[in-house]
Every structure is written in structure tokens, then in C-alpha cells.
Amino acid sequence: MAATVRRQRPRRLLCWTLVAVLLADLLALSDTLAVMSVDLGSESMKVAIVKPGVPMEIVLNKESRRKTPVTVTLKENERFLGDSAAGMAIKNPKATLRYFQHLLGKQADNPHVALYRDRFPEHELNIDPQRQTVRFQISPQLQFSPEEVLGMVLNYSRSLAEDFAEQPIKDAVITVPAFFNQAERRAVLQAARMAGLKVLQLINDNTATALSYGVFRRKDINSTAQNVMFYDMGSGTTVCTIVTYQTVKTKEAGMQPQLQIRGVGFDRTLGGLEMELRLREHLAKLFNEQRRGQKAKDVRENPRAMAKLLREANRLKTVLSANADHMAQIEGLMDDVDFKAKVTRVESEELCADLFERVPGPVQQALQSAEMSLDEIEQVILVGGATRVPKVQEVLLKAVGKEELGKNINADEAAAMGAVYQAAALSKAFKVKPFVVRDAVIYPILVEFTREVEEEPGVRSLKHNKRVLFSRMGPYPQGKVITFNRYSHDFNFHINYGDLGFLGPEDLRVFGSQNLTTVKLKGVGESLKKYPDYESKGIKAHFNLDESGVLSLDRVESVFETLVEDSPEEESTLTKLGNTISSLFGGGTSSDAKENGTDAVQEEEESPTEGSKDEPGEQGDLKEETEAPVEDTSQPPPPEPKGDAAPEGEKPDEKESGGKSEAQKPEEKGQSGPEGVPPAPEEEKKQKPARKQKMVEEIGVELAVLDLPDLPEDELARSVKKLEDLTLRDLEKQEREKAANSLEAFIFETQDKLYQPEYQEVSTEEQREEISGKLSATSTWLEDEGFGATTVMLKEKLAELKKLCQGLFFRVEERRKWPERLSALDNLLNHSSIFLKGARLIPEMDQIFTEVEMTTLEKVINDTWAWKNATLAEQAKLPATEKPVLLSKDIEAKMMALDREVQYLLNKAKFTKPRPRPKDKNGTRTEPPLNATAGDQEEKVIPPAGQPEEAKPILEPDKEETTTEPTDSEPLELGGPGAESEPKEQTAGQKRSSKNDEL
């Protein structure tokens, strides 16, 4: 028995340890339940959160605005973000960075870098020698990469979300333009790592908008496909998307709505910013013409003046969208000269005429990629701020040939709301209604490799092969497996972009390198030597295009296969019996699914890639498999593979083959006798086929990134440290400013209080002069030396002043509280005295209070009266400038003591059962004897806390009183002090009404 107890103790300890760990995990999880989304626009960003009790809410920034400028101002000793940075664009345009997202993932020779220099010549860009990218040179000692600047913005967005949610947030979904390539997407992910954010997904902004549109219209989506076009023209870019909505059947949740991206078209430079730049140039020209002959400098050479003109151009674009003309005016544009000029909408449209001609371009691209016509589009919906320009709507309406353009979506916040819905769906802390999202690959990706072939006996040559890995407009996320055959030594292959003919020449130059990665495999020959008795099934490379649209090579492995015959003698009687029974129901043997060793893998069921075709001569050299195909029951099944290039493990549909595959038919025929009778055990031993066993060997992989090298880990760590130091510096600055403001406010408030009568009444002239002198000295110090003072010094100065004024403030505060506290004490004393008098007037036969209880209450009342009178008399003798003896906390303590005694008696009166009156033979009530005391009557008293209730016998009540008085079988609801009791009739009525509600 002792041994058993000893064995149970470790188990109990382990159980309690697991419970403690689980509780700790739950508590940690509850602190970080909120998730966020960031809609990164070219000019501004929108942040949304989801937390328990707050479903899908846009975050308000510190200025209570729903969108925040994507602007950063960097100086030597300070940094500004958001609206404060946008305000610094006029004062310090060189240090204020905007529209830097256009530089992400681009090298110095990219046309977009030259365009950025032309648009914002005030910024100095230098070249990173390692990656050949650009960096902002703020000062000789201060430079930042575009990823670092974006990391600052993302960190700022998280701080806004955390302040709004009132809890820490780490998980986020970030929107990116649909046309971002691999280098640009990796740059955003690196920026998020610098900010300390865990990116659940990089979602395309057009997909997020489509998701937001579908989520709020779930009821309108049915099995009939609905094609909707979203035209999104923002500040910097334009994207047109064709989306198909319909319900599909899923394995997990049955019929659910789905959105599928069918076509995408875009223009990287068409947007509101280009219109503003045209207007800025027009205003600069007008200003120069007004100053002609004054020997003035060109306004274009003044960065501050150009920043003012750009801000005015932005305002003009907005106003001219609703008015035919407007007066542009800027005070002190340059050299204290004011600028004023009238601009009409017609002039603005003439300046941007070539831009409006490009509006239909993305529409045609989207239709071509979707292989659809405008007749199949049911609705065209406007998204983005630049679509509010009337000319854009006019040209677009003519291009799509519709009666009207849809404006039934929040053009500014739709992407943020869709992204935060996806964040909640990806988070484990929330459960949302399923909405299937099938995004599309914009740029096809293929695998290229070369191998030696023998065209003629003795003549060998190299043959270049290509295979599409992810086709254009194919769905993602999904994984692919490429199998390389006939390789007996180490080899290389390349991952590149596919056919980009749909891009124009300018877009191809902006796109950058079309070569992604070179993969070098090591250990192929050694793996073949390791398994000489196995048949090689080739080298399998596993690729994954994840939810963020980022391509990765998960692993490369060498696969071998052999036939293994199971010995019938090894099977037990139970195994034979189980196999026989399972064969009666058409099931296979369990031995076919066994794994042999740790390296054996199960057969995968794979399907061919959409749109991939084998070139002549490639069959047998390379096979392609779909590792994790995206489920879509609405799409037709892929065609049956032919030849050696068919995906391994592919099995025809059971319905097409009569419910049996070719590999299963001989086995099933051998297992079943006439009329389905199972064969004898001897026959089963002979007819049982050998099973296949797979062995895999990991192959070494060396990757060489060709499009844009990622930041090395040490460089990334330095960037993270740099951003953390800036954040700490900002926090210290905020803390110092808060301390300085508190000190300054205390000085001003106290100086004013010294002249108020209530403060002069409780202080002497000497005391006021001492305080006033200290305040003046601190104020002088703050003006002279406060700019260089640390946070600790400011807090110490404030603490000294508060200590000096503590007595004065205490006396004033006490005198303010006296009237209210004394009035409350008097009321309580009066009510307590009245209650005591009433209690003593209760007839002796009905008395529920003991003499000790009433005497105790009387003593407390008398003591309180005596304390009050004595303290007031003593306080009247003291001068107002001395510390008072009548303290508000003492008054509150006396009130609490008196109230406690009264509440005890009140509770006793509430819950005491009245003594039932017995009846005589004639049916009349018998009065208790005159000499009956209160202690002889039955009562129920609420016992003090921590003491058990004493059980007392209770006489059975009369039948006539059972409806109004509770019986012993009915539990009484006991309330605490101050609780109100309700009549039993009302409780019964409530019970009856609740029963009626249930019916």
C-alpha cells in the first residue's frame, strides 16, 4: 500500500505541474488575444484590430483620425512619425521621407529609383555596396534603408493599435500591392521583422478589398458565379481585379462562400500622386511667371517652397473634384512672397490628359488575364481615393461600358477591414465564419535545368529543359514537388520567372531581375551508394508558395523504393482474423500502410500542375507533383497523366474505374472467392502481393539568391538594434516631455493658488513667501537649464515642490471635505438614534433584538457623538495655519463603525422568521404568555462571518400561512449587509413568469 502511495505522488505532482503550465499559457494567451491589420498605402495607412468584444474596428491615431500618413522625419536627436512627421515636411523636407515603399526590393539602377530622385530631389540616396540597393543619407552619420524606414512605420502602427486595444499585439496581416514580386515581398517581411511583428500573412490589397466586400454580403453569394471588377486607384498605383464569388463545398465546413481572383491588371505609376506632381509643376510655373523681372530664384530650387506647393496641389486636387475652379494661395511661399492663382478643373484635366488615357489599361489587362469579356462582368466597383476625380470616373465608365460605377464600398477602409478579418481567421484566438480565398499568381515561376543526353551512339550533348512550377493566374497557397530522374551525381537547377510577355518594356525594366535562385545539390551520388539494393525514384524537390506569395524550397530528398514480402508466419491469429473480416467488407490489409523504419514515408496522392506541359524528350527526366493542391470542387478534375511524366502516386477516380484502381483489382480478385467468400488462409498466403517500401535521404542544398539578396543576419540584427534604440529614445523623450510639462504646470497652478482666499486662509505670509520663492527659482531654472535637464532631474524638482506645498494643500483639502463628511456623520447619527428608539419600542413578545445588541449600538452612538463634539471643540481652538485634528479619514472611520452596527441589526431584522402563533381548539390564535421574553421566541439570526449557524427547531406553520411564509424545505436567499429583501409573493410570481416564458 505504501508503495502504491509513493507511486501516485509523482503522478499527482506531474498532473498539477501540467495544470499550472496550462493555466500560465492561458493567462499569457489572454493578454495577447488581439490581432491587427495594416493597410500600407503609398500616402497613408489604415490600421484595424480585432479583440474580444471589439470586432473589426479601425484604429484612431493620436489625432483621432482614421488614417495616418506614411511619413517619417529623421533628425540627429529626434524622430517624428505620422501626422507630426507630415507637419515637418514643410520645415525640414530633406529629413522627411515619403513614398519610400516605391524603393523596396529595387536596386540602384532601377528606373523607379531614378523616378524617385526626379520627384523628390531633396533626398540624398547612396548605394549599399553589398546589395546594390539605395539608402537615405540624412546626415554623414545617419542613413537608413527603405526596409528600416518601413519598419519604423510598422512599429508605429503597432503602438497605435496597442494603445487602442489596451493590450500588447504581435500578430498582424499586412497588405501589399498585388504586383509585388518576390524581392519586394521579402523586403516587407524583413521590415516587419525589424519592427518585431509576427506576420500572419502578406495579403494582396485587392484580395483584402474583395474579401471585405464578400464578408458583408455573404447572403448574396450562391452557387451561381458572380463576376465583380474592382478598380483601385490610390495615391501611387492602380490595380484592376476581377473576382468571382460563389459557394463551394469544403471538406471541413460544407458549403461556404468563396472568392477567386480571376484576372489582375495594374499600372505602377498611375495614381493621385502623379496628378499632384503635375499640379505642383503648374503652380511653380505660375509663381515664377508672377516674379518675372524681379531677379528671383527659380522656386523649383527651394525644397521648402516645393513642399508647400505639393501640399497645396493635394488640396487643389480634392477641391477641384467637387468644384469647377478654385483659388490656390500660399502665404510666404518663398522670400516672404505670397502666392495666389486661380486654377480650373479644365486646366487640371489638360495637365493630366495622358494620365487619363492610361485609365483603361489595367481593365484590359485584367480581362486578358481572366480570359473574360466585359459582358461577363456584373458590376464595377471603385476603390481608392484617386477614383473620386470626376475625369477618372468618366473615362472608366466609358471603358467598361456600364450604366454606372459601383460606390457601395468604403474606398479607404475596405482593404484594412478585409485584412483584419483574415487576421482573425488565421489567429487561434478567434473563430470566424469560413470564407474561402483563392488568390492568384501574377508572375509565373518555372524551373530550368540542363543535363547530358546521348543523341547518337558516342555523341553526348547538353539539353536545356524548362518546367512551369507555378503558372500565371494559378491559385496559391500550394506546394509543388518536382522529381528529377536519371541523375547519378550532384547537379544544379535554376528557379526563374516564367513568361512575362504581358508586361510592357517599361514594366520589365522596373520589374528587375527575372532570375530568382540557383540551387546547388550536394550528396546525390552518396545517397545512391547508400541504398544499392533499392530502386531510385529520382530526386524530389519540394517547393512551397505560401499565403504571403513568397516562394521557398522546403527540402530536397532522394527517394528509393523496393518490394518487401511479408512472411505469413509473422502474422498472429488475431491479425489473420482481422484481415479476413476486413476483406469481407472490401477493405485492404493494414500491413500495406505500415512504415518500415524512421526513414520510410507513405505514398502521397498528388496531381499534376495546371497548365504545365511536357516538352518532347523530357518524359522520364522530370516529374511534377502537387504536394498540397488547393481544394476547389467547382473546378473540373485534372486530366489523367500520360507517359513517364505523370505524377507519382496519382490514382484514378474510383467512380471512373468502377470503384477499383488497377493496382487493387488483382489483389481484390485474389482475396475474394465465388460470391464474395473469402479465400482460405493457405490461398491468402500464396496470393498476397509484396508491398512497396520507400526510403528517403536528405540532399544538401546551397541557395544563391539572384534577384535581390536578403539582408544578412548580422546586418538584420544591427537594423533591429538601431530601431530599438530609436524607439527607446522616443520613449525617453516622451517621458522627459511629460515630466517637464508636469513641472511647469505645477509651478503655474501653485503660483495662482497662493492668491486664492482658501489658500491664504490656511497659510501665513512667511509660508507663502517661501513657497513663492521656491517656485520662482524653479521656473527660472527650467527656462535657463531645463532644456538640458534629464528626466530624473525634472522629477526631483517636482518632488521638492510637492513636499514643500504638501502641508498647505493638505489643510485646504481637509477643509473642503469637512462640510460633506460632517453632514453625512450627522445624518447617520440621527438615523441610528431613531432606529435605536424604534427598536426599543418593539413589544417584548415580538422583540427580535437582544439587550446586548441594543446596548452596544447605543454605546457606539454615544461615543461617536462625544468624539465629534470633542474634536470640533479642539479644532476650534487651533489656528487655521496649523495641522488640523479633525481629519476626514477619522470621520469616515467613525461612520464605518457605526454603519456596521446598524447594518448588523438591519440584516437580523430582514431574515428573522416570525414566531408562528398556535391555535386553540376553537381555531383562534393563542397569544403568548405575558411573561414571555424575547429569548423564548423562535428567531433566525444571520451568524457572524466564520461562525456556523446554530440549528433551532421551528414550529410547523398553519396551512393558511404556507402560501405567504417560507417553509423549512424552501432555502432562503441570504443577502449581505445592505441587501434588499423581496416579498415571497413576488419571488413566486417571478418563478411563475419564468415558467411561462419557458413554455
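Quick reminder: no glycine exception, Cβ is built from N, Cα and C everywhere.
Within the listed segments 236-239, 564-567, 996-999, Swiss-Prot records motif 'Prevents secretion from ER' for the stretch 996-999. N830 (N-linked glycosylation site) sits 15 Å from N869 (N-linked glycosylation site), taking the Cα positions as reference. DSSP gives K883 (N6-acetyllysine) a coil state; it is part of no helix or strand. Within the group of glycosylation sites (N155, N222), the Cβ with the highest number of other Cβ atoms inside 10 Å belongs to N155. When secondary structure is read from DSSP and collapsed to three states, N869 (N-linked glycosylation site) falls in the helix class. N222 (N-linked glycosylation site) sits 79 Å from K883 (N6-acetyllysine), taking the Cα positions as reference. Ranked by Cα separation from N155 (N-linked glycosylation site), the recorded positions N862, N869, K883 are led by K883.
Ranked by CA distance from N515 (N-linked glycosylation site), the recorded positions N862, N869, K883 have K883 at the top as the closest. Listed glycosylation sites: N515, N830, N862, N869; maximum Cβ neighbour count within 10 Å falls on N515.
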